[in-house]
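A quick write-up on the structure given underneath.
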Amino acid sequence: MPKKMFVIFGVSNILWMVFAVSQAIKVDMFPDKSKIFAQIGDSVSLTCSATGCESPSFSWRTQMDSPLNGKVRNEGTTSTLIMDPVSFEDEHQYLCTVICGAAKLEKAIRVEIYSFSKDPEIHLSSPPEVGKPVTVTCSVPEVYPFERLEIELLKGNHPMKVQDFLEPSEKKAQETKSLDVTFSPTDEDIGTALVCQATLHIYDDDSPPKVRKTTKELEVYISPKDTAISVNPSTRLQEGDSVAMACTSAGLPAPRILWSKKLDNGNLQLLSENATLTLISMRAEDSGIYVCEGNNPVGKDRKEVKLIVQEKMFTVEISPGPQIAAQVGDSVVLTCDVRDCESPSFSWRTQIDSPLNGKVRREGSKSTLTLSPVSFENEHFYLCTVICGQKKLEKGIQVELYSFPSDPEIEMSGPLVNGNPVTVSCKVPNVYPSDRLEIELFKGESIMMNKIFLEDVSKKALETKSLEMTFIPTVEDTGNVLVCLAQLPIDEMEFEPKQRQSTQILYVNVAPRDTAILVSPSSILEEGSSVNMTCSSNGLPAPKILWSRQLSNGDLQPISENATLSFMSTKIEDSGIYVCEGINQAGISRKEVNLIIQVAPKDIQLTAFPSERVKEGDTVIISCICGNVPPTLIILKKKAETGYIVLKSTGGAYTIHRAQLEDAGVYQCESKNEVGSQLRSLTLDVKGRESNKDYFSPEFLVLYCASALILTAIGMIIYFARKANMTGSYSLVEAQRTKV
Ligand SMILES: *[C@@H]1O[C@H](CO)[C@@H](O)[C@H](O)[C@H]1NC(C)=O
Ligand SMILES: *[C@@H]1O[C@H](CO)[C@@H](O)[C@H](O)[C@H]1NC(C)=O
Ligand SMILES: *[C@@H]1O[C@H](CO)[C@@H](O)[C@H](O)[C@H]1NC(C)=O
């Protein structure tokens, strides 16, 4: 090629030298080159200018005398040939002829055409994969003249192939020339660049060759592989569940993930382009094969997973089930609760189809049956039937009844009295079922009695059951505890309490006894003196004292509840029977005292009627009256040899009919009681009809009528001591006894 160019240069120089030497006039061509390269489509101007000539005339032609395609424009001393656009027809040697007067000058310039307007293009036969041969094509489009073209392909800095296209073009045309290299990329190639460099070796004078370069990053691919699926929570699911499936796939570039579902016809239905596929509220129809595909430009890799979504069976729960122990009278609510059914329908019945005896209420997915108050009619097996769609479920609950509402009641037949039998009853009210009841009675730790009611025919009713026992309490029982324990031990029924108990602390009474009255100073008193009567009584609890006075009809008139009954100054009317009663819960004990208030006898008058001197045969009445003492306390006596003889007197009067001499003598009237005595004496003188013998002894004429008790008593003692010829002392009391 350079050889050819030299030839062209040679011709041009010769022409130029001819004209320059022969003429003084000078012609210049612009561009001032023997040859220019013009690219197809460009605009080229050739300017010819003459110097040293006033009015030159220009003419343009090609050396081959082919037609000029361009337009000529002359302006004074210049002429311009414009070829716009330049095409293959314009490739010529152009001659500009200048005529100036007689002189004729010529200037030549060669225009050569080329086409090299586009950068090379790099194509890969397939996306490059590590280890897989790939053909890289570098093509240079619309190039001319391609025999001057050189294409070089480099990988990074390393040349892979260089090619030129030396066969000359057969016709003037733009062609696309390309270079192919086949190679197998390696891992090291990742990130390197493919460079395609096209060089068109055309030179006008010293300009460099034209170079176009295209660089393409070598993207090395790895086909998707190791595609894996992780399923959370499981591939076996229930209707309504959610599942998340994450898919990963290795490759370069990172594979795009596609999730699809395999349809019945085998086609895939795209679901998501995300790595994680989340399916919520799944239904049975969502069962099937899910496909994850990882793909990138060089391939795809699939993985399948089979999901099984089980149809969810609706459930029925009955509560509180499966059985309930209900206390008679309480309120019981049975609840039938449905899950996983959109519109269930409910119905309630008893197993034996008896009336429900309750209120049914629907609350969303629940139905309640309220038995309030629960009674014996409700002791059934209740069934709740639920229909959901085509399916039907039934759940049952047994309602069992019991009644054990209160603690046992302990009752005593009466107060506890030491030694007296008493009946304790322990009563358990409103119990059911009473045939399961057991009652035990304890005294302290030891059992006294127990009773079961098994033999009782159990009827559906609340019954009151009781245990009774009789025992004899003693004082030692006081403080002990009586326990009544009732048990309803139905193990198969859940209720509380299953036992109840009551306790009672024993307090044993002792009836009043040893009731005693202490009279101070004495129960027989002189009027006006004071007396204290104190009553005491033993018993448990300590008896209460009640003093009463016995009335003449025998009734008691209460006086005082004080132990001591005091009289500061007694009167006769205070005499009588006083009753003291010791009273407590266990009984009454009574004691009585006879209070005697007396006055000492006084104002005794002893008289003889008609006179104390009578004759034999006369009737004489000796009479004794005392101012304050009843006649019964008046004793008439007559002195005899051996002492005094008590006379039979009536109302204090003694009558002597036909008095004898022996009736003469000393008569004495005595009135005495516990508080004193008085004596009166008189001497009856009876004169005989035949004799007048006076046998009255003056010694006995002494009259005693002392008002003072003690003086009288002393007097009497002196008197009796002397006159009765008695030895030593004399007891007034004994004397009275012998004579009363
Ligand atoms: C993919 O996930 C992103 C967020 O993780 C979300 O915004 C997008 O909508 C999802 N696309 C599909 C098709 O599910
Ligand atoms: C009776 O009791 C009172 C008070 O205890 C006492 O002052 C009085 O002396 C008592 N009288 C007699 C007669 O005992
Ligand atoms: C009982 O005794 C109290 C004081 O000990 C006295 O105040 C009261 O009057 C007495 N009652 C009778 C009815 O004697």
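Quick reminder: no glycine exception, Cβ is built from N, Cα and C everywhere.
Lifted from TrEMBL, the feature list:
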SIGNAL    1-20  signal peptide
DOMAIN    31-112  domain 'Ig-like'
DOMAIN    224-306  domain 'Ig-like'
DOMAIN    311-386  domain 'Ig-like'
DOMAIN    512-594  domain 'Ig-like'
DOMAIN    601-685  domain 'Ig-like'
TRANSMEM  701-721  transmembrane segment
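Per-residue pLDDT, averaged along the domain 'Ig-like' (224-306), amounts to 91 for this model. In the domain 'Ig-like' (311-386), the DSSP tally of helix, strand and coil residues is 3 helix, 41 strand, 32 coil. When the domain 'Ig-like' (31-112) is classified with DSSP, helix, strand and coil residues number 3 helix, 49 strand, 30 coil.
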